[in-house]
Amino acid sequence: MQRPFLLAYLVLSLLFNSALGFPTALVPRGSSSSNITSSGPSSTPFSSATESFSTGTTVTPSSSKYPGSKTETSVSSTTETTIVPTTTTTSVITPSTTTITTTVCSTGTNSAGETTSGCSPKTITTTVPCSTSPSETASESTTTSPTTPVTTVVSTTVVTTEYSTSTKQGGEITTTFVTKNIPTTYLTTIAPTSSVTTVTNFTPTTITTTVCSTGTNSAGETTSGCSPKTVTTTVPCSTGTGEYTTEATAPVTTAVTTTVVTTESSTGTNSAGKTTTSYTTKSVPTTYVFDFGKGILDQSCGGVFSNNGSSQVQLRDVVLMNGTVVYDSNGAWDSSALEEWLQRQKKVSIERIFENIGPSAVYPSILPGVVIASPSQTHPDYFYQWIRDSALTINSIVSHSADPAIETLLQYLNVSFHLQRTNNTLGAGIGYTNDTVALGDPKWNVDNTAFTEPWGRPQNDGPALRSIAILKIIDYIKQSGTDLGAKYPFQSTADIFDDIVRWDLRFIIDHWNSSGFDLWEEVNGMHFFTLLVQLSAVDRSLSYFNASERSSPFVEELRQTRRDISKFLVDPANGFINGKYNYIVETPMIADTLRSGLDISTLLAANTVHDAPSASHLPFDINDPAVLNTLHHLMLHMRSIYPINDSSKNATGIALGRYPEDVYDGYGVGEGNPWVLATCAASTTLYQLIYRHISEQHDLVVPMNNDCSNAFWSELVFSNLTTLGNDEGYLILEFNTPAFNQTIQKIFQLADSFLVKLKATWEQTGN
């Protein structure tokens, strides 16, 4: 049997998110155009580079200078190219491009006497101004005459690691490692040539890819290192007609570093039985390839994403349901009605939340600190308290309420203290036994007595969510300087942690890998939501131990539990993420048989765990493609399931349910329906995505590969997004650029559209 969550807590969270005062420069909500506009003209020509470096070479000395030794040599190369500026006059209707290509090689001799070398082809491209006039679309070719030779300075270091083996008196074999660097420097002069160039039309853009190299260390293990590579191209755009002259200013220098440094270790046992470990720092050459002809997106002078002139990639329009156009390409996003409704609903939501927490004038039978799931006592009867619902409600109050009512929080702590120590159908409470199994009981009466009727037990997410909420209360008490007094069985934040939180953490340590019912109380197994909130609770708790406690056995158990849960979640063998699906699977044991695995609870988990940047080191962050693609697939499936979504457009928020196969209607089994909780979860995900990028000033990174990891971006945000094959390519929208700001605006409007759907439904039903 299923019952609804206390939905107001999440609505409250969303209202605060949607009303965030983002800087208008970053979220231009009133813009009337869906096009990306370019920045102002630049006066400096650009240089662009294509690098390709050889891999390292392993050689065996032919001499017997170092008996039994092997030498591993790798070439690291730093190339600096200087382009001497010239005065160039060209027609404004065409930019012209000049390309000079040379191959640079470096040679050196290592200490073993071997000669090694590495070569790099170097391509230098310069571009002259282009026109911004929309009517000037003609193409032509331009011949650029040779001017001044281009000199390339190459500094090459040959890194050699040698080792030799000897036998000490007594039979012990030892190995000695020596690392030597041999620098070489030389000049290469490139004679200028005449070059015929072809017209393109684009403005500043940054393209970033991640390049990885892999090698095998002396222990036979495969190691790898990755390096991000950014190429920025700049083409000045004129604002007039006729001829445009770019005056020589200063040399344009492009410096490229092309090595990935990794540290390798190998362990072995010598003849004396002693285990030894050696460490080697290795420079691994990598190959960077940038092809401007395969659909990487530039930002054009015309203000839209161009795909080499063959097609245009534009932000999708957002058109709302029920015949109400909230935004289209010819008008502005009208958010005033939504903002007014949010302010009213915010006030109502806060009032309703506190009415459901004892002591309540509306429901006098609720004991102080008890959070009821619903005031409904018949059809259905949810006049109970759930550990999960209570924790999520309190968490929302502490996180988002301007006045969290400290006495209410202390009363909630008091309820938690006593419920932990109350016997129930799962076992004895804390104090009667050291076994924590009874903490998995999810449902309690409003008078704090145990609910003893049959139910889905245990539910292992409750203690974790309670820990997360209480840790936030501890922070609030410390920040506000609240005096706890002697009214409750805890007189300090240390008491709260030791007497309540520590027991919930012990439950997680003991039972995280045990089966339990999911948050919908329907399936007994291992669940993504449960595991991720357990991981978060353990991770957050570790910062609350003082220096003397951090080496204690309990803290080490917590660290080990954190490692174990993290590994379990991301291991493809466990099914939460695998190659078959393009989304997170909530309960793998029933995927492919009873359900698709799609479930709104995965977004609820990500929203709860990653509510602050400090949790970004944990898996499945808000910007994780798996999280965003889960939202995309939920929208894709539920758009056609529920009749209320019939008039919704493809790139617009819809009413969402729990999972596509749901048959619970809120009271009985028949036909599933959308839920306020689920619909708001979608908005929360997008709001947190926006907040993360703006608050931390992060660039937007859009996957460009074709393994479906960019489904959210290609099908909800952009049109005609070209992929780059199987390589890990990315489109980078730099922070606070026009492209970044307008993309953020579209995501913001998509987030708002879920709430607009909710608003329209509530108004139609009189709520």
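Glycine is treated like the rest: Cβ placed from N, Cα and C.
Of the residues Asn201, Asn546, Swiss-Prot records the annotation N-linked glycosylation site for Asn546. Taking Asn414, Asn423, Glu521, Asn645, Asn741 as the recorded positions under consideration, the smallest Cα distance to Asn434 (N-linked glycosylation site) is found for Asn423. Look at Asp518 (active site, proton acceptor): DSSP puts it in coil.
Secondary structure at Asn434 (N-linked glycosylation site), as computed by DSSP, is coil. Asn414 (N-linked glycosylation site) sits 44 Å from Asn645 (N-linked glycosylation site), taking the Cα positions as reference.
Of all Cβ atoms in the protein chains displayed, 18 besides its own lie within 10 Å of the Cβ of Glu521 (active site, proton donor). The distance from the Cα of Asn645 (N-linked glycosylation site) to the Cα of Asn423 (N-linked glycosylation site) comes to 46 Å. A sphere of 10 angstroms centred on the C-beta of Asn513 (N-linked glycosylation site) encloses 13 other C-beta atoms.
The glycosylation sites recorded for this entry are Asn423, Asn546, Asn741, and the Cα of Asn423 lies nearest to that of Asp518 (active site, proton acceptor).
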